[in-house]
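Colleague: Have a look at the structure that comes next, please.
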Amino acid sequence: MQRYAVVLAAGKGTRMKSKLYKVLHKVADKTMIEHVVNSVQQSGADQIVTIVGHGAERVKDTLGDQSAYGFQEEQLGTAHAVKMAADELKDREGTTLVVCGDTPLITADTLNALVKHHEDNQADATVLSATAPNPFGYGRIVRDEEGRLSNIVEQKDASEAEQQIDEISSGIFAFDNQTLFRLLDKVKNDNAQGEYYLPDVLSLILEEGGKAEVYHTNDFDEIMGVNDRVALSKAEQAMRQRINEYHMRNGVTLIDPSSTYIASDVIIGMDTVIEPGVHIGSGTQIGEDTVIGQYSDINRSTIGDRTTVKQSVINDATVGDDTTVGPFAQLRPNAHLGNEVKVGNFVEVKKADIKDGAKVSHLSYIGDAEIGERTNIGCGSITVNYDGKNKFKTIIGKDSFIGCNTNLVAPVILGDDVLIAAGSTITDDVPNDSLALARSRQTTKPGYLNKNKE
């Protein structure tokens, strides 16, 4: 059976008190709408329609061609929002999921279980419910004496008795697609909020003698809606715990999970150790037997096996196997470190290729450069790559030694087995097997200070 999904993402999110559109706030380094759409995709939806309103273009920029779009100009309720998908889905046969764009913790497994329950029971509609520790603000699941769904009552329309019910509607549904779009036009807005409620479709189904089911999940966190910064923080904590537990169960040691932040798409090999205070952002892959030292920040980068990163910042870079980075190093975009490389304390690398076995141990800037195998860069060495207008490249061959406090003024090429004397400013190319010395000769005047004291 074909499966479709409508993702509701048109609400402005006033309670967030933000200039940023609500579903674009991030949880675990990814926007809420991306989390939801990814889960819907993983659940096997053949087509997704995202309903946008406020901030529509930014949502489209975020999701791109992962979804088709419907536009809700006025926020007149959830049933009205789903109607905006009619052009894409109205005449299709199959099951349609309706999912809220502000439920970033929902998983593909739960969506699949909801659809399976719906289809196995040949229902016209099925609502996903949960037991809430504090049900205030949620629609309540009202059951009849036999435990079957009788109604879904929104908070503002609930009686005192109904407000005591702790089984709540998640706002996530599975519908027979043609039944859904046939009944949407019959939904009325005679309620406390003057809105067209999607749960009223279930009431219409029951009135017609159709079948409406409830599928209950035991994990309330999955269906938690994020409407303000407090809920955003709770979602972040829950997502972080889920992600961290996943990695620990797959052979990764997290010394202090409560202070470790790992994005949802990060890949980490077994027997790697993550120390406290580490942030690993989206698009990062880390190998096996590696140590990521405390307070390191790594984003969109690849780190190899048996490598150690100590208190460093790495963005859009690659680091090979058996390599050491830090402490207090910065790898900027397009920094590429080979195997058995050392980049030490207070070294900055940008758009540079440092080959296997090379060392840049202290207080250096390596930018727009290529460093050959086993070359050693002395303390305080700088590739002078910028003339105020353009960037130029420095190339250093293999097995070379660059003395301390040197300036390599690009464009410049240094060959293999080259020795650059400490304190030199190199402006010309240096051929293989050469010594280059470019500094003033030392002048010493014995007794000079004694003469000045007389």
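Any Cβ shown, glycine's included, is placed from N, Cα and C.
Swiss-Prot lists these features:
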type	residues	note
REGION	1-229	region 'Pyrophosphorylase'
BINDING	8-11, K22, Q72, 77-78, G139, E154, N227, R332, K350, Y365, N376	UDP-N-acetyl-alpha-D-glucosamine binding site
BINDING	D102, N227	Mg(2+) binding site
REGION	230-250	region 'Linker'
ACT_SITE	H362	active site, proton acceptor
BINDING	N385, Y386, A422, R439	acetyl-CoA binding site
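For each listed feature, how buried is it and what is near it?
Modeller: N227 (UDP-N-acetyl-alpha-D-glucosamine binding site) counts 16 other C-beta atoms within 10 Å of its own C-beta, drawing on all protein chains shown.
Look at D102 (Mg(2+) binding site): DSSP puts it in coil.
In terms of DSSP helix, strand and coil, the region 'Linker' (230-250) has 20 helix, 0 strand, 1 coil.
Following the DSSP three-state reduction, the secondary structure of H362 (active site, proton acceptor) is strand.
There are 15 other CB atoms within 10 A of the CB of A422 (acetyl-CoA binding site), with all protein chains counted.
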Colleague: Rank the binding-site residues N376, N385 by the number of other Cβ atoms within 10 Å of each Cβ, and give the residue at the low end.
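Modeller: Per-residue Cβ counts within 10 Å for the binding-site residues N376, N385 bottom out at N376.
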Colleague: Spatially speaking, which of the binding-site residues L8, G77, G139, K350, R439 is closest to D102 (Mg(2+) binding site)? Use C-alpha to C-alpha, please.
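Modeller: Among L8, G77, G139, K350, R439, L8.
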Colleague: Taking the Cβ of G139 (UDP-N-acetyl-alpha-D-glucosamine binding site) as the centre, count every other Cβ atom within 10 Å, in any protein chain shown.
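Modeller: Result for G139 (UDP-N-acetyl-alpha-D-glucosamine binding site): 25 other Cβ atoms within 10 Å.
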Colleague: Based on Cα distances to L8 (UDP-N-acetyl-alpha-D-glucosamine binding site), point out the closest of the recorded positions H362, Y386, A422, R439.
Modeller: Y386
Colleague: With Cβ-Cβ distance below 8 Å and at least 6 positions apart along the chain, what are the contacts of G77 (UDP-N-acetyl-alpha-D-glucosamine binding site)? List them in sequence order.
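Modeller: In sequence order, the residues whose Cβ lies under 8 Å from that of G77 (UDP-N-acetyl-alpha-D-glucosamine binding site) (at least 6 apart) are N189, Q193, E195, Y196, Y197, L198.
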